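Written below as structure tokens is the structure these notes are about.
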Amino acid sequence: MINTLDRYKDVYDIKNMSLDELNLLSRELRNFIIESVSQNGGHLASNLGVVELTLSLYNVFDFSYDKLIWDVGHQCYVHKILTGRRSGFQNLRKINGLSGFPKRCESKFDHFETGHSSTSISSALGMARARDLKGENYNVVAVIGDGALTGGMALEALNDVGDNKTKLTIILNDNQMSIGKNVGGLSTYLSSLRIDPNYNKFKRDVEGIIKKIPNIGKGVAKNLERVKDGVKQVLVPGMLFENMGIKYFGPIDGHNIKQLSKVMDKAKNMKEPVIIHVVTTKGKGYKFAEQNPDKFHGIGSFDYMTGCSKKSKGVTYSKAFGKAMVSIASKDKRVVAITAAMKDGTGLNEFSNKFKNRIFDVGIAEQHAVTMAAGMATAGLRPVFSVYSTFLQRAYDQVLHDVCIQNLPVVFAIDRAGLVGEDGETHQGVFDMSYLSHMPNMTIMAPKCVEELEFMLNWALSQESPIAIRYPKGESRLNLKPIKNFQKGKWEVLEDKGKISIIATGRMVEKAFNVKETLKERNIDIGLINATFVKPIDKEMLNKIIDEEKTIITLEDNVILGGFGNSVLNYVRDTNSNIKVVNLGFKDEFIPHGKVDDLFKMYGLDEEAILKEVMKLM
């Protein structure tokens, strides 16, 4: 028997399906997504939560001309399947395969590319205003989660939307179940009255009857209005949006296609901004994801039947950072941790359990996090802001203006520095060296191995200025002794031989070390330096290399432009030396999705390519 998903041809089929067929399609879509992600990895829980929501959107709107923007974008799998990309899921997030996020080059139905949170309302408003200025007629819909709504950019956009009354539909996908049972039931009841077209007529009729009561009628009606407004302010969460000038519907059951379609159809025909508050269950339909949605947010391949993923044997940098924070904080009460909704991802769970009053999760608010850290530093604390490289760039101005200008002792623990792999352009952490290097007072460090990270963090917290420590996703297989005592701007010599010296940073030291060992087996010697400090560079060591007239190869997992290699090259040029400097890093382009090892090979930064580069310079 052919199932509904196999019979499905294009988005117009959805409008011709019965409610039973749509519900059956929902179940089949979930099964397909679970099976696909179990094989290739990806974002599971968020996608399972928006199946009915996505079907309802396509049931009501026509996104061949209407516009749909997914905030963050990791919940777009159903959308991609419905728009003809089901076959691409066998290569999901692989090089040249289907992206895990909206991509305009993939489909005419991907109207805007996303990856970071809180951007959808702004981009949707831009499209809506362009529509109005050009005299066109289409709907614009933004889907944003309750977590992303904590981002300042989303709130700025809401303020603008409500002020100018531009026609726009915002779907607030609330998957945190933040509405309690009693309040939730009452809120749903009140919402159903507000959605019902007879509600306003009923309200007018009651007010009319009361006003006809001799002597006291008008006064009672006014007081009734005040009471009604007071009750709504207390009990109806949507009053926040109503007061901003945005019509509110909800909360709605995000897994009820009939109810969702009804409300969306009403919003579609309104001439003002509308927000539809839907409540969904993250991981819906797969018990392991429902029970542990955080684990199944972004996950590698796993066993479909048990939900168990392949366990990593080694210690990741994130885990090492978390353990180091616990160890250091137990000895120094000034140390506090800050995270922007990434407590689990950055390894701070144990810290959170042991020091509940010394960890601050500010939500998706990196700008606020950095300036709050600056305030803490001025008051005598030692704040550590743990953040992914790609998200720190959202707080560039705060790092420069609020931390560096005042030369404050804030430590930036930059996780996922360098390649992160399958999440692609929006998440690769290959810019932090460049945008931090030109900030006065900033020191940048990179451990060569997991063990070195704790000693580096200890040293950073003893300094009186801003320090950034960058480290990659995953583990280190480098079996070398860590540096335990650091001297600012001093590098570590791992091998001082030959006429070529590789100066490598962070995880790239492991690749350089393996290349050195391969050459050693061929009786070829080269030098190897662990550039523990990306900034300041070790000028004394560089002067020694210049005096010995060695060729320098710099190796970094950052874009070359403005990066570590550029700093070395500029210094050598300033000395008027003629020695050759070769910078190996990423080109001036955005790096696509794919496995980390495949991407290193693609950009000529795998061990084989580095070895060839060394041999060319012999």
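Counting starts with 1 at the first residue shown.
Placed from the backbone N, Cα and C atoms, the Cβ positions cover glycine too.
Going by Swiss-Prot, these are the annotated features:
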type	residues	note
BINDING	HIS74, GLY115, HIS116, SER117, GLY147, ALA148, ASN175, TYR286, GLU366	thiamine diphosphate binding site
BINDING	ASP146, ASN175	Mg(2+) binding site
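In this structure, GLU366 (thiamine diphosphate binding site) is part of a helix by DSSP. Here the candidates are the binding-site residues HIS74, HIS116, ASN175, GLU366, and by Cα distance the one nearest ASP146 (Mg(2+) binding site) turns out to be ASN175.
Across the residues annotated as binding thiamine diphosphate (HIS74, GLY115, HIS116, SER117, GLY147, ALA148, ASN175, TYR286, GLU366), the two Cα atoms farthest apart lie 32 Å from each other. Looking at HIS74, HIS116, the binding-site residues in this record, the fewest other C-beta atoms within 10 angstroms of the C-beta turn up around HIS116. Each of the binding-site residues ASP146, GLU366 was assessed for Cβ neighbours inside 10 Å, and the highest tally belongs to GLU366. Take the binding-site residues GLY147, ASN175: by the count of other Cβ atoms within 10 Å of each Cβ, the lowest one is GLY147.
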